[in-house]
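Record features, source TrEMBL:
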- LYS127, GLN190, GLY222, ASP253, LYS396: UTP binding site (BINDING)
- HIS223: substrate binding site (BINDING)
Amino acid sequence: MALYVEGLSKGVANGGMAQFQETMRQQLESSMHDELEKLLDTTTGAEREVSKKDFEGFKNLFHRFLQVKGPSVEWIKIQRPPEDSIQPYDKIAARGLPDNVANSLNKLVVVKLNGGLGTSMGCKGPKSLISVRNENTFLDLTVQQIKHLNKTYNTDVPLVLMNSFNTDEDTKKILQKYTHHQVKIHTFNQSRYPRINKESLLPVSTNLRMTGQNAEGWYPPGHGDIYASFYNSGLLDQLIEQGKEYIFVSNIDNLGATVDLHILHHLVSQPNGKRCEFVMEVTDKTRADVKGGTLIQYEGKLRLLEIAQVPKAHVDEFKSVTKFKIFNTNNLWISLPAIKRLQEQNAMDMEIIVNPKTLDGGQNVIQLETAVGAAIKCFDNALGINVPRSRFLPVKTTSDLLLVMSNLYSLDAGSLNMSPKREFPTTPHVKLGSSFTKVQEYLIRFESIPDMLELDHLTVSGDVTFGKNVSLKGTVIIIANHGDRIDIPAGSMLENKIVSGNLRILDH
């Protein structure tokens with residue numbers, strides 16, 4: 001990157017800016033092409049062919065990265081979306097459901113983004129294999145939901161998992177346990193792209209192997225890669241041939257992302273010329289969601305605006321709950337024939353996310369990524385639907401895990417539903433400190449999950465443990481100072497309390 005920028009500044013000094021830039025770009029692309037060819041020469045057979053396909057996608061992304069001039073949006077051109085471009089969910093649901101729900105369901109494929117690891121929660125392997133409720137993993141709950149749908153309506157909704165090279169092997173091993181469920185499960189792999197040196201803009205890997213230090217040289221390029229890798233896998237064509245028309249895509253860790261029959265009916269009941277090719281589920285923004293991407297109108301198209309695209313001077317404005325009232329849940333409904341058309345026309349245009357990383361050895365690299373929702377502007381008759389907050393229930397931390405394991409939710413055929421005993425439909429704000437970050441540590445600190453039906457806010461910091469049958473109500477703050485420990489006794493009821501200092505119950 002530094003070499004590129006330095007070269008450009010010399011070009012400015014010499015006056016031939018545009019020509020110089022173009023020469024530099026061509027040189028970089030030529031060097032990248034040579035390096036990728038060298039990497040391909042380190043393997044043979046099927047692996048070489050797969051990598052070759054991946055590298056075609058990467059070269060395209062790298063080419064676009066070098067073309068970028070300035071910010072991807074001009075703030076002055078941003079407009080609020082027209083009223084009818086974001087429909088309230090209630091309006092969609094008010095239309096009711098047809099008698100033949102099965103016909104709609106048989107046109108649907110459920111796709112879960114399953115490329116992530118559980119490392120941020122202190123777990124090894126795919127995040128989808130972490131237990132979240134009654135020993136059920138994210139994957140178990142997903143399969144249960146679709147099995148229930150297929151059984152109830154006598155349909156054939158398949159599940160497709162987009163794995164990454166990080167999750168594929170472990171996921172495939174576990175899939176054997178679902179053989180006798182009434183759900184067809186397919187998988188395909190995200191691409192594998194090379195991380196590039198921040199200075200030279202060339203790959204840091206020396207071969208295609210995923211061992212030792214070399215493993216750090218590769219990454220899955222964000223969920224925007226779904227379109228190309230789904231198409232390249234052959235699975236897209238296979239599903240279209242089976243009469244499938246739409247995919248419902250969501251993150252596997254969003255436990256609120258279940259198949260919604262009203263949204264599906266809205267999609268399949270449109271007249272052919274007006275067919276909506278892309279629906280993004282959005283929901284009202286709270287202060288916890290200020291960094292989430294939002295929908296805007298830009299140059300006559302509905303478009304996703306992410307915080308990374310916002311000029312520094314306007315970040316506070318972007319975070320405002322009054323100006324940008326909604327955010328993207330990443331629950332998306334997309335037309336399969338439209339994906340095929342856009343892929344074949346090479347018309348899938350997504351903003352590039354430049355993600356800087358530092359490798360274990362201290363080397364600075366960048367990885368080029370795209371986001372699945374950013375393609376909304378490429379599809380015809382795209383629509384936002386403002387859905388209830390209950391459709392956005394991500395589990396990113398153990399604080400989220402505490403909520404979904406608690407009596408705030410009941411489990412029904414793989415779906416979590418807010419308990420009718422909770423007086424307010426909002427979820428409590430829970431903030432567990434660093435002693436709870438890893439799932440194993442978190443589990444040790446709770447003898448049983450507290451009663452949280454009447455909880456509004458919980459903050460826990462330091463060395464704190466909870467006995468059995470603890471009840472938390474209102475606002476509860478528990479802070480054990482460094483070197484202190486707090487044991488909340490079994491059967492305690494804490495309502496609007498601050499607990500600090502040192503509280504230890506000893507056996508005698």
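Note that Cβ sites are derived from N, Cα and C of the backbone, with glycine treated the same way.
A quick note: this is a predicted structure, and the numbers were derived from the prediction, not measured.
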Do you know offhand how many angstrom separate LYS127 (UTP binding site) and the residue listed as 'substrate binding site' by C-alpha? 15
Neighbourhood of ASP253 (UTP binding site), C-beta criterion under 8 angstroms, separation at least six: GLY116, LYS127, SER128, PHE138, PRO394, VAL395, LYS396
Inter-residue C-alpha distance, HIS223 (substrate binding site) and GLN190 (UTP binding site) (nearest angstrom): 8
Across all the protein chains here, work out how many other Cβ atoms are within 10 Å of the Cβ of GLY222 (UTP binding site). 23
Sequence gap of 6 or more, Cβ distance under 8 Å: name the residues on the same chain that satisfy this around GLN190 (UTP binding site), in order along the sequence. GLY115, MET162, ASN163, SER164, PHE165, PRO220, PRO221, HIS223, ASP225, ILE226, SER229
All-chain count of other Cβ atoms within 10 Å of LYS127 (UTP binding site): 24
Comparing the binding-site residues HIS223, LYS396, which residue's C-beta has the most other C-beta atoms within 10 angstroms in this structure? HIS223
